[in-house]
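Structure first, commentary second.
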Amino acid sequence: MASVIEQCQVVPSPGSATELTLPLTYFDHVWLAFHRMRRILFYKLPISRPDFVQTIIPTLKDSLSLTLKYYLPLAGNVACPQDWSGYPELRYVTGNSVSVIFSESDMDFNYLIGYHPRNTKDFYHFVPQLAEPKDAPGVQLAPVLAIQVTLFPNHGISIGFTNHHVAGDGATIVKFVRAWALLNKFGGDEQFLANEFIPFYDRSVIKDPNGVGMSIWNEMKKYKHMMKMSDVVTPPDKVRGTFIITRHDIGKLKNLVLTRRPKLTHVTSFTVTCAYVWTCIIKSEAATGEEIDENGMEFFGCAADCRAQFNPPLPPSYFGNALVGYVARTRQVDLAGKEGFTIAVELIGEAIRKRMKDEEWILSGSWFKEYDKVDAKRSLSVAGSPKLDLYAADFGWGRPEKLEFVSIDNDDGISMSLSKSKDSDGDLEIGLSLSKTRMNAFAAMFTHGISFL
């Protein structure tokens, strides 16, 4: 559990713009009904409560306020028309703020940062819920970001983030976190804030010659009864586990695939890692005792940053969502067999390869239809990316000891988190949330398979 020390609202620092409104693009609309994103960073820092209250809390509030001067929409709200007659938008006005909770916990810090299976419910004490939406003339206003900082006396600190995906994708949120970390580490000296952390807000760079925005918005309105502006969370009865796949093992997996399929052209660290996890997940299902349909379809889905796929490319610091989805699918029996891993690599690689530089495909909106025939309960999806390095977020206390993607706990299917390893360049860190039985079976297969490479 966590007891509250202080709950406050942090506003952007003086000198910030008085208002900012960003229309949602078709890249944003698709996330309106999506569950909230939750991440926790754990830092080893052996400090006492008095030090936490007297030094850590004031500096974090000051640096967050300064960071929000650059990231105004995160202090604002998503404004959704109550009659659904117009597009939603991100809206900031003077006085808007981010809810921040400072708390203290006596839970075992070393247990939480472990790699072994841990109860998923334990982590929800350290991520905040977004405040309830409020009615305003003609619209409903829902906050898009909340933060919780928790002290584990004489052991460490965690920083939990909850955000509405409609505000921005992983690239946007990670840049915000790293900007905050830099300003906190260097005492608010803005000269340390490199251009890559200064958001680009011009939404006119998102081209829409085919009216994709209207098409997707009309499609999303069909599901408005499913869109909950409230942040409702029920922690599932699962365990969380973390697995490391080394650069050396990734190289062996690539060689294994290319020995069997020498003509494959998109064999990357991402494709072999995801394919290996996918096949281990499929094979672990037998341990649950549930009936398995060998001819049933299995799905793999991932979202990729498409900023560089436009002509001209969007700025890397573009604020918002710029993701397109890739889907691979095949029968259960194909993945469970001896050639399952190779088949998975080929399917995932081909799904990405044929679309990775296809601006026309993006502008046609076809990527939105990729998920139409996906059975969510038979799917594995990916959260995070090795390209987004939250382990680089140093608030002045050193690199994080552990990163947890709490939002992979959803019950619709199985999600895996994927990030750089904190300890070694080229190694990847995989997070999973499964039933205890399934996790044990997965861990055995994951370890056994790697040992025979």
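Just so it is clear, glycine is given a Cβ too, placed from its N, Cα and C backbone atoms.
Helix first, then strand, then coil: DSSP counts for the motif 'HXXXD motif' (165-169) stand at 3 helix, 0 strand, 2 coil. The motif 'HXXXD motif' annotation in Swiss-Prot covers 165-169 and rests on a curator's inference.
There are 22 other CB atoms within 10 A of the CB of H165 (active site, proton acceptor), with all protein chains counted. According to Swiss-Prot, the feature active site, proton acceptor maps to H165 (among others).
Swiss-Prot lists K254, H266, T268, S269 with the feature malonyl-CoA binding site. Counting only same-chain residues six or more apart in sequence, the Cβ atoms lying under 8 angstroms from the Cβ of H266 (malonyl-CoA binding site) belong to G349, E350, I352, R353.
Across the motif 'DFGWG motif' (394-398), the DSSP tally of helix, strand and coil residues reads 0 helix, 0 strand, 5 coil. The annotation motif 'DFGWG motif' is assigned in Swiss-Prot to 394-398 on the grounds of a curator's inference.
For D394 (active site, proton acceptor), the same-chain residues that are 6 or more apart in sequence and have a Cβ closer than 8 Å to its Cβ are A181, L182, K185. Residues annotated as active site, proton acceptor in Swiss-Prot: D394 (among others).
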Contacting positions for the motif 'HXXXD motif' (165-169) when only residues 6+ beyond its ends and CB under 8 Å are counted: 24, 28-29, 31-32, 34, 36-37, 73-74, 78, 88, 90, 144-145, 176, 303, 305, 319-323
Which of T268, S269, the listed binding-site residues, has fewest other Cβ atoms within 10 Å: T268
Around the Cβ of K254 (malonyl-CoA binding site), the count of other Cβ atoms that are within 10 Å: 17
H165 (active site, proton acceptor) and T268 (malonyl-CoA binding site), Cα-Cα, nearest whole angstrom: 27
Whole-number Å value for how far H165 (active site, proton acceptor) lies from K254 (malonyl-CoA binding site) (Cα to Cα): 33
Alpha-carbon distance [H165 (active site, proton acceptor); S269 (malonyl-CoA binding site)] in Å: 26
K254, H266, T268, S269 excluded, remaining Cβ within 8 Å of their centroid (malonyl-CoA): I250, V267, F270, T271, V272, V345, G349
